[in-house]
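Report on the following structure.
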Amino acid sequence: MTRNSLLNPEAENADPDQALRPRSLDEFIGQQAARENIRVFIEAAKKRQESLDHVLFFGPPGLGKTTLAQIIAREMGVGFRATSGPVIVKSGDLAALLTNLEDGDVLFIDEIHRLQPVVEEVLYPAMEDRALDLMIGEGPSARSVRIDLPHFTLVGATTRQGLLSTPLRDRFGIPVRLQFYSIEELRQVITRAARLLGMEIAPEGAEEIAKRSRGTPRIAGRLLRRVRDFADVAGSKIVDRFIADEALNRLEVDKLGLDLMDRRYLMMIADIYKGGPVGLDTLAAGLSEPRDTVEEVIEPYLIQLGLVARTARGRQLNGLAWRHLGLTDPREAEGKHSEIKNQPGLL
């Protein structure tokens, strides 16, 4: 079973949200602590007439890492170059990127945890010394050449900070964790997006979409566009709670923002493994999904909601998950039975 594409927090190849992206820190909604810290670092760098220190954004997908990287370049008044870890296969690929940067430019590397080790080795002196060490030739005649680079800011983004090597992670002077959004923050994101899309949305309609957006602005934007489709076909000039609820139910997105894959994940633990604990590899095999998909896409929001707990022995359902599924936790039933047995005269 494939995940509902509406609830996939990964970016689409042709990103329809591009026109909705905020273009400044003032327009950016949410991530208040991170946003205000970035504002301070930018102002300080501009006062000293220096390039901003290297920045690492980490956290679940869809929370604004790419957008913030673009905003940094815009606020600093410099150029912006973007690439991703899997694209940079050889050290020469990275060297070509670095040598084409202008002074002060921002180089954004998405999925930076997927850089090849040989590429990382080239990146270390570039980040620390603004220099590129290259080997020219082969064999006994090979020699090392150092090329000076312009001042630049590397902005890395990752959903798996733990997979970054320690030497690379330590070279980022500004590590920034991005958190899931609150319902109120998502309501503001949706209201702003609706205005830019030229559609009218009632506060309660925006809130209904926000509640089912998994704490992720990217998902909120997708759901908003699909709800707009239902509203247009129904002839409704305004998206209210009824229209939003009807559309999202038909899209099989429930009140907590869970889709069929999420519910299948929870039901597998509840039904087959009696609430757990159960190992990640076992779950991935049962769902016919890669381990990384389960760990990076399905689980973070379920854990954030308190539906699932990661324990040393595996994944385990919490009480909220049983209630959401409309089932009784067998461990609670066993506990009550034990209490009755221990009371004289009752059994």
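Yeah, the Cβs are placed from backbone N, Cα and C, and that goes for glycine too.
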According to Swiss-Prot, Leu20, Arg21, Gly62, Lys65, Thr66, Thr67, Arg171, Tyr181 bind ATP; which of Arg212, Arg214, Arg218 is also listed for that site? Arg218
Of Leu20, Gly62, Arg171, Arg218, which is closest to Arg315 (DNA binding site) if I measure between C-alpha atoms? They're all binding-site residues. Gly62
Please list the DSSP helix, strand and coil residue counts for the region 'Head domain (RuvB-H)' (255-347). 55 helix, 9 strand, 29 coil
From the centroid of the CB atoms of Arg291, Arg310, Arg315, the recorded DNA site, which same-chain residues not already listed sit within 8 A by their CB, in sequence order? Gly279, Leu280, Leu283, Val294, Glu295, Glu299, Gly314
Using only C-alpha positions, which one of Leu20, Gly62, Arg171 is spatially nearest Arg310 (DNA binding site)? These are the binding-site residues in the record. Gly62
What mean pLDDT score does the region 'Large ATPase domain (RuvB-L)' (1-181) have in the model? 90
